[in-house]
Amino acid sequence: MDKLLIRGGRKLSGEITVSGAKNAALPELCAALLTDEPVTLTNVPRLRDVSTMRQLLTHMGVHTEDVAGERGGLLLHARGVLKAEAPYELVKTMRASVLVLGPLLARFGAARVSLPGGCAIGSRPVDQHIKGMQAMGAEIVVEHGYMVARLPAGRKRLHGARIATDMVTVTGTENFLMAAALAEGETLLENAAQEPEVTDLAEMLIKMGAKIEGHGTSRIHVQGVERLNGCTHEVVADRIETGTFLCAVAATGGDVLLRQARADHLDAVIDKLTDAGAEVEAGSNAAGPFIRIRASGRLKAQTFRTTEYPGFPTDMQAQFMAVNAVADGTSKVTETIFENRFMHVNELVRLGARIQTEGKVAMVEGVPQLSGATVMATDLRASASLVIAGLVAEGETTVDRIYHLDRGYDQMEVKLRALGADIERIK
Ligand SMILES: CC(=O)N[C@H]1[C@@H](OP(=O)(O)OP(=O)(O)OC[C@H]2O[C@@H](n3ccc(=O)[nH]c3=O)[C@H](O)[C@@H]2O)O[C@H](CO)[C@@H](O)[C@@H]1O
Ligand SMILES: C=C(OP(=O)(O)O)C(=O)O
């Protein structure tokens, strides 16, 4: 099992390019199921989740191939499917596999998708996905750990519906968007997720011929069409990878330019970094958008609570907690999206952080210095938080179980090394 060995204490400086977003690429790979024409995605990040999704689509009979000469180019062609099925072995490692449900039902009228397992950050049910698909006319039973979904006898397509979810759900909204794009009639999504990844998917679907309005707001209208065509689409930049590097610089100090980084997708995090005392400058040049961050000395601890976009992202909570762990002052971090997303706390404490949790709240008392130790990554963003802490800690930190990190970061240690960090992967 790979580990990361970090010798902390170096400031970060230099330039790196942010990769395409995991959470946009995954639904966009699934969107290829909606058409019998080829779809080309560019800026697809090299991640374990992307390979898993590719494996899942291949298992279904979708042809996939790398496109030479394009950064992160991937062609997908779903002429038909051999099996409209997502087996447990693939779904268990990646919750996003649930995103095949909508496209399979919409195009082929049937799907058998394993229920995603619970994971380290909380129980993660899919009741809203099921409820929404049922509202669109699907019959769904859950048996032997699978959602078995089909259209009633005699029906060829899902039908439009008004879907108002009990809470804002990102992959739920994405599943409904893809299903509604090929459904008969109009769908209204109320309480829709406004995350940039949802908007990016909607923009891709529009290129495929879908009729969607209101994406980026909480009310999305979709007028279903009979068929969709292929398209070429560039995956939006990863705002969480961007935020992770910003937090790394905030914690270690330094001066870094992130190319292709979208500040407009990260306002809540940038506001907190600025309040903490970092200098953040966003702009755009011929090569695209960029963010530059400069930080020195101890920053001021920041209290925050996670909420849906445009609020502070839950996927940035662990990384910002690492910044707070070495900041000046005490901060209160409230996690409102997932019930068990503080698994990094005990590991940060092993590095010398002073953090106490009670329910959804973590109280972080900043300390002037962390000290290196061996720590264990428990989930994707927890791993990133430990890497940040390791970059600051005095001495050596070993982060174990980094397969979690590899699910969602494209060569993180290579990028950090390019910024001057002393970090290596140990096989
Ligand atoms: C692949 C992907 O895009 N993953 C992101 C997506 O996950 P994901 O789409 O799984 O997260 P959701 O937005 O659905 O979850 C939000 C909340 O709703 C609850 N819920 C959700 C669906 C449902 O049917 N029933 C239910 O109770 C969840 O348990 C959670 O408490 O959004 C999360 C919240 O921003 C991010 O942390 C994940 O990185
Ligand atoms: C929780 C995350 O991903 P997933 O929904 O794929 O588990 C994440 O990206 O932080």
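Placed from the backbone N, Cα and C atoms, the Cβ positions cover glycine too.
Straight from TrEMBL, the features:
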type	residues	note
DOMAIN	7-415	domain 'Enolpyruvate transferase'
BINDING	K22, N23	phosphoenolpyruvate binding site
BINDING	R95, R124, P125, V126, D127, Q128, D315, I337	UDP-N-acetyl-alpha-D-glucosamine binding site
ACT_SITE	C119	active site, proton donor
MOD_RES	C119	2-(S-cysteinyl)pyruvic acid O-phosphothioketal
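Overlay of TrEMBL feature records on the structure.
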residue	record	Cβ within 10 Å
K22	phosphoenolpyruvate binding site	27
N23	phosphoenolpyruvate binding site	25
R95	UDP-N-acetyl-alpha-D-glucosamine binding site	18
R124	UDP-N-acetyl-alpha-D-glucosamine binding site	16
P125	UDP-N-acetyl-alpha-D-glucosamine binding site	12
V126	UDP-N-acetyl-alpha-D-glucosamine binding site	20
D127	UDP-N-acetyl-alpha-D-glucosamine binding site	12
Q128	UDP-N-acetyl-alpha-D-glucosamine binding site	21
D315	UDP-N-acetyl-alpha-D-glucosamine binding site	24
I337	UDP-N-acetyl-alpha-D-glucosamine binding site	20
Contacting binding-site residues, sequence order - R95, R124, P125, D315 vs ligand 2, Cβ under 6 Å = R95, D315
Could you tell me which of the binding-site residues K22, R124, P125 have their C-beta within a distance under 6 angstroms of some atom of ligand 1?
-> R124, P125
What three-state class does DSSP give Q128 (UDP-N-acetyl-alpha-D-glucosamine binding site)?
-> helix
Round to a whole number and give the Cα-to-Cα distance in Å for the pair R124 (UDP-N-acetyl-alpha-D-glucosamine binding site) and N23 (phosphoenolpyruvate binding site).
-> 16
Alpha-carbon spacing, P125 (UDP-N-acetyl-alpha-D-glucosamine binding site) to N23 (phosphoenolpyruvate binding site), which is rounded to whole Å = 18
Binding residues R95, R124, P125, V126, D127, Q128, D315, I337 (UDP-N-acetyl-alpha-D-glucosamine) - maximum C-alpha distance in whole Å | 22
One should report the C-alpha separation between R95 (UDP-N-acetyl-alpha-D-glucosamine binding site) and N23 (phosphoenolpyruvate binding site), rounded to whole angstrom, as 11
Nearest to K22 (phosphoenolpyruvate binding site) by Cα, among V126, D127, Q128, D315, I337 (binding-site residues)?
-> D315
When distances run from the Cα of N23 (phosphoenolpyruvate binding site) to each of the binding-site residues D127, Q128, D315, I337, the nearest one | D315
